[in-house]
Amino acid sequence: MSDYLQSILGGLADGCVYALIALGMSVIYSISRIISLAQGGFVVLAALCAVSLQSGLGISPLATLPIMVVIFSVGMIGVAQIVIQPAAKRATPERLLLVTVGMLQAVGGLLLIGWGNLPYTMPAFTGDAPVKVAGLSLPTQYFWLAGALAVSVLGLWLLLTKTDIGLAMRATASNPGAAALQGIRVDRMRLIAFGLAGAMAALAGTTIVPITFLQFTTVTPYAVAGFIAAVVGGLGSNMGAVTGGLLLGLLQGVFGRYWNADLAQLTAIALLVAVLVIRPQGIFGTPERVRR
Amino acid sequence: MSPLLTVRGLSRSFGGVAAVQSVDLEVEQGTIRAVIGPNGAGKTTLLDLVTGFTKPDMGTVDFDGHQLVGRSPRDLPSLGLMRTFQSARLVPSLTVRENVMLGAYRFTRARFLSDALRLPRTRREERELRSRADELIGFLDLTRFADSRATDLPAGAQRLVEVARGLAGAPKLLLLDEPAAGLDDSETRELADVLHAVREGGVTMVLIEHNMSLVLAISDQVTVMDAGKVIADDVPSTVREDAAVRKAYLGVAS
Amino acid sequence: MSAMTATRPRARLFGPLGVAAALALSGCSAVAAAEGEAIRIGLIASQTGPGSQLGIGEVRGAELAVEQINADGGVNGQRLELITADDQSNPSQAVLQARKMLGRVDAFVGPSTSGPCKAIGPLAESAQVVNYCLSPGLKPEPGGWQWSASVATHDLTSRLVDYWKSQGITRIGLLTQTDSSGAEGAESTKAAIDAVDGMELAGEATFSPDAVSVTAQLQQIARHEPQALVVWATGAGAGVAFKGMGQVGLDVPVATTDGNLTYAFVDRVQNFLPDPLLIPATRDFWDPAEYPNDEVREIEANYHDAYVAAHGEQPDFGPGVAYDGVHLVAEALERAEGDAAQARAELEKITDFDGVVGTYNFSREDHRGLAEKDVAIVQATKDGFEFIGGVE
């Protein structure tokens, strides 16, 4: 029983990362209709930057978190301003997808050049000894990971529903034309969305890397898992992204007990894709989003 | 005192057909100006030309010291000019209250960081915005819809939401495109009262309307258009008697 | 302590970039000089992309071999030239580069990994040019034009299982990554356990290369109470597994693939090294005391010393196979008197050839030439690789 729960926990840890990636993709998609596959790459980039910051400058692992969040939200706004917004003005959505795939490749290349084909990790935020609860072994970092996801979800919800910038962002997401007529600067709202996605990439990368090892090859699987989670949850739905991510991780973990990991992953994905046959808009998506 | 809005020689043709032909129009501060005319007379095109949705071939639009020709519609709220649409352009997934709050968005001074951190100023602004929106919703008798999705409302009510949203922006000039379409008689009377009160509050209005009783009840000045041209421009009582107007527009009605 | 436990390379942030640039320059000059009467070997290696960890070392090993052969008078008095190309760890690039070289080179060495090797196979066949592939993952056809470097996976696992048996370990757990190398490692380990009396598989699980944690898999295996664990995974996957062992408190000897025989990798995972971490390794990682004779001792010393002199660090997995590959192909070309088409027949006749990786015995049927005898067990420590034993 306890190692069955351990499988679930391991799956949920994977799921938290997928959920954070999917959430970033979802925020960007809902506001600018861009599917940013590069989000998976930024997570690994943030992780390895944090590792270098920690080992190079001797900063404590926990302290790298706010630093990375600031750097990556500002950095993503820069990337959006310099690369994505100009491209979005000219390219069709399909071409724009290619742009983000290209960015994903570029991030992978940057990681390879900067960090080589080697796995990296750093110490946990708060002690390496796992907490033992009822025969379960819980690395303390799991709590940080779950916390990062919770903070992202809650913070995003508060921002979107309780502030007027949030209102303007939701208006932009719903109908950019109508929003612009009210004097909302739609481009600025989109930049904010990219900044939020950057912050989430930093949260995900910095929090996950102490549990695991990351290297440049992790970029693509993360992008794919995040994308599947976002689509299954309902592209543009933040709740959906989180549900899709956690579900994908959970199913992988549980199936992995019985089958080869590849088969487990394939089955988990197939099961989620089957959801799309029944609900093409995804679990939490609204039909109008699909049509658009 | 110079007029708030001065339109001079405004023209636009589509595929050789003159939709609007050298139209001149002056709207004085604190008045309601109605623009009437049969379908296809060019009323909505005129509104689109004034608000930058359509670029004029010729002519100038002067509003409160600003030249509007060449400006984007999205710049107008910050100049104090709001408009409504024949088919309301509300933000679909937001509630009625949220749509109205958007109208005042340009007044919020809070910036992203303070919003994200929920600083006191942000919360105060948010509260003020919300109570002002609720006030306007009550004013337009939309309170029962406040928490409904705006686009779930009947078309007539959606136009009223647009009026409320326009007012939330505390405009100097409000341009209304057939606000009474789809309203029954008693609703129309209520709307007349509302617009009257709005004018008392110092807001100048340009009203495009089919409903003659509304027009005659509230406007200070009426412009009549036919085939893209202004064929009459006078006080309501005179316009009603004008032969050309009766022929072009009121013919059957009289 | 072995001679191979010298300086560990420090992790340098932008090291690989500089190396790649330097290699690109040297590659250009080699092409420019490749005119006139010379024997030419085309080296296709993954100098960029996922295989670059191997490819960069391979280029260094091959260059060292060419240098030494020319210093010893070349091939039948002719200069040996190396033309290098980067396949970017990509099969189609490998084919493109091989095609460019066709007609200019007398033999191919490389590419670095099995995918690109398989991709250029048909080209080598149709052009009738010997191809000494540097990936152990290739399974060359008897009588074909392709060769495969280093020892086969089943020889590695077989030697490992024998070693553990000699240590009184009988219950072996198996954790593998779901990629082609992991799958082959799993299959070979199971075959090796089946082949030895008294050995049994105690728990088996797989994980995908992007798994954040494998603690669940490790706990599953731990229930079977293994006395030792095989982790057939490279890079991040191996790191995740080692880290997970500490988390679930599974404290048993671990063995891993020779794909992790790099100082850089051990450096990265040094805080999570299982005690001990064993790797079945070829002769270039052994203790000099274990070498079969003085001749081999001299060959190894010659190779290691020259490599350290040139690069300031001990060679790891890549350089040795390329070094041997160039020596073997040059020997065959020498025996064939420069006739590329004859090189295959001559290469198949080479036996008892002492290289740095092992002693090669080729035949029409065996295009690998190395066997279990060329494998011994080394332990990865923070200071490098230490010879443990398992030599016959």
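A Cβ is built for glycine as well, from the same backbone N, Cα and C atoms used for every other residue.
Note that the coordinates shown come from a computational prediction; the quantities given were computed from them, not determined experimentally.
Feature annotation from TrEMBL assigns transmembrane segment to A:6-29 (among others).
Outside the transmembrane segment (A:41-59), and at least 6 residues removed from its termini, the chain residues within Cβ reach (under 8 Å) are 17, 20-21, 24, 65, 67-68, 71-72, 76, 103-104, 106-108, 110-111, 114-115, 120-123, 197-198, 201-202, 204-206, 208-209, 214-216, 218-219, 222-223. Residues or ranges marked as transmembrane segment in TrEMBL: A:41-59 (among others).
Nonlocal intrachain contacts for the transmembrane segment (A:65-84), taken as residues 6+ away from its ends with a CB within less than 8 angstroms of a stretch CB, comprise 32, 34, 36, 42, 46, 49-50, 53, 59, 96, 99-100, 103, 125, 190-192, 194-199, 201-203, 205-207. Marked as transmembrane segment by TrEMBL: A:65-84 (among others).
The transmembrane segment annotation in TrEMBL covers A:96-115 (among others).
Under the heading transmembrane segment, TrEMBL lists A:142-160 (among others).
Under the heading transmembrane segment, TrEMBL lists A:191-216 (among others).
As annotated by TrEMBL, transmembrane segment applies to A:222-251 (among others).
For the transmembrane segment (A:263-284), the list of distant contacts is 228-229, 231-235, 237, 239-240, 243-244, 247-248, 251-252, 255-256, 290: same-chain residues at least six beyond its ends, Cβ to Cβ under 8 Å. The transmembrane segment annotation in TrEMBL covers A:263-284 (among others).
Here the transmembrane segment (A:222-251) has long-range neighbours at 8, 11-27, 29-30, 35, 37-41, 43-44, 104, 149, 153, 156-157, 160, 173, 264, 267-269, 271-273, 275-276, 281-286, 289, meaning same-chain residues at least 6 beyond its ends whose C-beta is under 8 angstroms from one of its own.
Listed stretches A:6-29, A:96-115, A:191-216 were compared with the transmembrane segment (A:142-160); the greatest number of C-beta pairs under 8 angstroms is found for A:6-29.
Here the transmembrane segment (A:96-115) lies next to the transmembrane segment (A:191-216) in space: the count of CB pairs under 8 Å, restricted to residues six or more apart, reaches at least 3.
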